[in-house]
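Enquirer: Feature list, courtesy of TrEMBL:
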DOMAIN    A:3-147  domain 'Globin'
């Protein structure tokens, strides 16, 4: 089981209480699709992803960004058992969506950069480390059911 | 991975002009941050007395690293030949595992996002990410 320090628990709760989900979710997903364009392979039905402007203004991308960050909230609320909470999501990503799990790290990096931009100087190395650890646990849990 | 387009190079040079006054501080922040967030990177600095963010060795070395990045910007049209000496240094003397170049690059990007949230747009992000990846490739050139 993952061991969280008091600082790490408090930091994760604090970050997610501060950020605007409607901004961060869409921003992280669109940044991922722009910076790592091969990730667009999973979004064939989303319409115009032709350039950065199109991606940023695409309503399906925005809507899905919110879905993703709401999914993260499950982990925030159940930090002591993310592996179990994410079992079905892991099966979904593996069997139905067939997402290469290396992509989880790409989205995680973009999310980190967006959150850093939102939080600014308060995103200290220690806060960053806690966030990184949280995302690493999330990614590992999402990978768990892949075969 | 793809090479830098003319548009990428212009984006990078324009962004670099914005950050260069604070390059040393950005380097120090990125390096200090990396040592905390990715503690395995500390193994390269066991000879330092103090590895904490803001410490003297971290500040000095962060400035050195960013100086190297600044140099790479001026040699952006041919980084492989321009950075030959730095590549030999990293390959034969420092022997830094090239996976760490990616880790440091990520931390540099995080610091850009913190300091220039409005300038570090997705378009700038992709160009800078490509540049740092190309820089890492040039640094890896002499490894084997």
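Yeah, the Cβs are placed from backbone N, Cα and C, and that goes for glycine too.
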Enquirer: Do you know the mean pLDDT across the domain 'Globin' (A:3-147)?
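Expert: Mean pLDDT, the domain 'Globin' (A:3-147): 95.
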Enquirer: How does the domain 'Globin' (A:3-147) divide up by DSSP, counting helix, then strand, then coil residues?
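Expert: Here the numbers are 119 helix, 0 strand, 26 coil.
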